[in-house]
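TrEMBL lists His446 with the feature active site, proton acceptor. Under the heading FAD binding site, TrEMBL lists Lys52, Gly116, Thr145, Gly146, Ser147, Asp314, Met320, Leu321, Ala322, His323. Feature annotation from TrEMBL assigns NAD(+) binding site to Gly182, Gly183, Gly184, Val185, Ile186, Gly187, Val188, Glu189, Glu205, Gly273. Residues or ranges marked as disulfide bond by TrEMBL: Cys43-Cys48. The domain 'FAD/NAD(P)-binding' feature in TrEMBL is assigned to 5-329. Feature annotation from TrEMBL assigns domain 'Pyridine nucleotide-disulphide oxidoreductase dimerisation' to 348-456.
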Amino acid sequence: MENQYDVVVIGSGPGGYVAAIRASQLGYRVAIVEKYSTLGGTCTNVGCIPAKSLLDSSEHYHQAEVQFKAHGINTGGISLDFGQFIRRKGEVVAQNTAGLVYLMKKNKIQVYHGVGSFTDATHLKVTAADKTEAVLTSRYFIIATGSKPSTIPGVAIDKKRIITSTESLSLPEKPASMVIIGGGVIGVELASVYARIGTSVTIIEYTDNLIPTMDRELGKALQKSLRQLKINLLLGSKVQSAVNNGDTATVKFLDQQGAPQEIKADYCLVAVGRRAYTDGLNLQAAGIQTAKNGKITVNEKLQTNVPNIYAIGDVIDGPMLAHKAEEEGVFAAETIHGLHPHLNYALVPGVVYTWPEVAAVGATEEQLKAQNVEYKAGKFPYMASARARASMDTDGFVKVLVSPKYGEILGVHIIGPRAADVIAQSVLAIEQEMTAEEMIRSCYAHPTYAEALKDAYLIATGQGAINI
Ligand code: FAD
Ligand code: NAD
């Protein structure tokens, strides 16, 4: 009976711990295996949570510097205690990892700290840091081993001067300068953190826009906001190499005209995407197949080619997002139980925690055009929102994309204050197949940031906005 389980989950990130809790709720004997000493994976330890902590702290600092005066608040000058800035982030992470220890106990989930490695399709060897070993037997496994930062040719990450997001969240002192390779989500969030506290930040992005996978207008508007923070944006530029000079890093790249350029900074942060992480799992022993890009291949039930082994989160295809991993955790546990859960990948919202925040769900204008789908756009600027004027957050807009025939909501794209929270109603509306007319007929509290959506739907349906 000892070390015998119904479900063993490998990896304790948002995919893994949610899968373990759901499996336990459904009555299974569950274990979770985590190679690090703390639970929570990338998201809790070196991802979403610490990044948002530093984003919040840096935004407070920036507001105090640039906006307090307008509110009538005189501070008499402010300064940053960088050590405390980083320490508070550590405390937030510690609160969250401790919360997960509690949740595992509450749900009677056995936790093993060590590297999980298959010996066959029903056995997993767990090797702890002190080299002690345990062999777990299980009817089902759920692989949730996540992802690690990737890099590009010519750029070797040394974690000293050429760093990843992980190191950037725990720097020993405030950098005077930083060059960031990649203007995707990590690039723009961490550029915001450091630019707000006075670091001279340059982003070098390969494409001609920031956050290029989102609706093009969002990236364009974000460029304006980041330039206001004095972030130097080098778009359409191709990095060729990065070198550690000891106390600085030099990045060489081809600019928009194809001319060779170089830039020196205290740190070079590499943010060009992440790769699925399966090192040490010994997938071959269980006969589990991966795709060319290293991701574990699964069917529509999230089952690998070995029927009792499931895989979820960053280690499989799809957006590398914590809430996508969580949904898949529930999906895998419920599928094992014989239930028929539902997961709509088209409606996984994307959020970028810059200020203004960016959030979107559904199709972009570019996608609709490429698919020849007829749509009407309704766009409402936050400049015309009473709530936004009150908080001095007038940058940005909401844009809704609606089918002209039935008023079906095809996509919602927001850059504006608290967009991360405002997007929730749009996910629900599209999931429940509500029409633009139904969104207009619902009552929105006034004054709120969400109200902007009502005006956008009025515009998209040709009824004319109230507030503009
Ligand atoms: P992970 O969280 O990566 O967890 C995998 C776990 O498996 C790790 O703890 C690892 O140690 C463990 N593991 C790996 N191999 C083994 C093994 N053989 N044995 C035992 N354990 C093993 N997403 C959002 O949705 N919102 C955000 O705001 C956001 N911000 C981010 C900010 C940053 C800086 C980064 C880097 C990422 C961010 N993400 C965000 C992405 C998010 O962190 C990931 O999508 C999410 O963590 C994936 O969850 P997961 O459970 O698949 O894997
Ligand atoms: P990303 O895919 O979002 O962005 C990578 C960027 O690097 C792209 O814009 C790409 O064009 C650029 N790039 C690639 N090669 C380049 C080169 N040679 N020179 C210059 N630019 C180059 O990846 P990321 O920002 O590293 O984030 C990784 C993952 O983490 C993402 O999948 C994201 O979903 C997740 N994440 C999510 C959040 C959030 O939800 N708020 C926050 C951080 C990270």
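Quick reminder: no glycine exception, Cβ is built from N, Cα and C everywhere.
Values in this document were obtained by computation on a predicted structure and should not be read as measured data.
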Notebook entry, point to check: What does DSSP say about Ser147 (FAD binding site): helix, strand or coil?
Noted result: strand
Check: Taking Lys52, Gly116, Thr145, Gly146, Ser147, Asp314, Met320, Leu321, Ala322, His323 as the record's FAD-binding set, what's the max Cα pairwise distance in Å, rounded to a whole number?
Finding: 30
Notebook entry, point to check: What other residues of the same chain, not counting Gly182, Gly183, Gly184, Val185, Ile186, Gly187, Val188, Glu189, Glu205, Gly273, have a CB atom within 8 A of the CB centroid of the NAD(+) site?
Noted result: Ile180, Ile203, Leu210, Ile211, Ala271, Val272
Margin query: Please report the distance from the Cα of Met320 (FAD binding site) to the Cα of Cys48 (disulfide bond), rounded to the nearest angstrom.
Written below: 11
Item checked: For NAD(+): widest Cα to Cα gap among Gly182, Gly183, Gly184, Val185, Ile186, Gly187, Val188, Glu189, Glu205, Gly273 in Å -> 14
Note to self: Rank aside, I only need the closest one: which of the recorded positions Cys43, Cys48, Thr145, His446 has its C-alpha nearest to that of Ile186 (NAD(+) binding site)?
What the structure shows: Cys48
Margin query: DSSP-wise, what's the residue breakdown of the domain 'Pyridine nucleotide-disulphide oxidoreductase dimerisation' (348-456) into helix, strand and coil?
Written below: 40 helix, 31 strand, 38 coil
Check: For the domain 'Pyridine nucleotide-disulphide oxidoreductase dimerisation' (348-456), what is the mean per-residue pLDDT, to the nearest integer?
Finding: 98
Item checked: Listed binding-site residues (Thr145, Ser147), ranked by Cβ neighbours within 10 Å, top entry -> Thr145
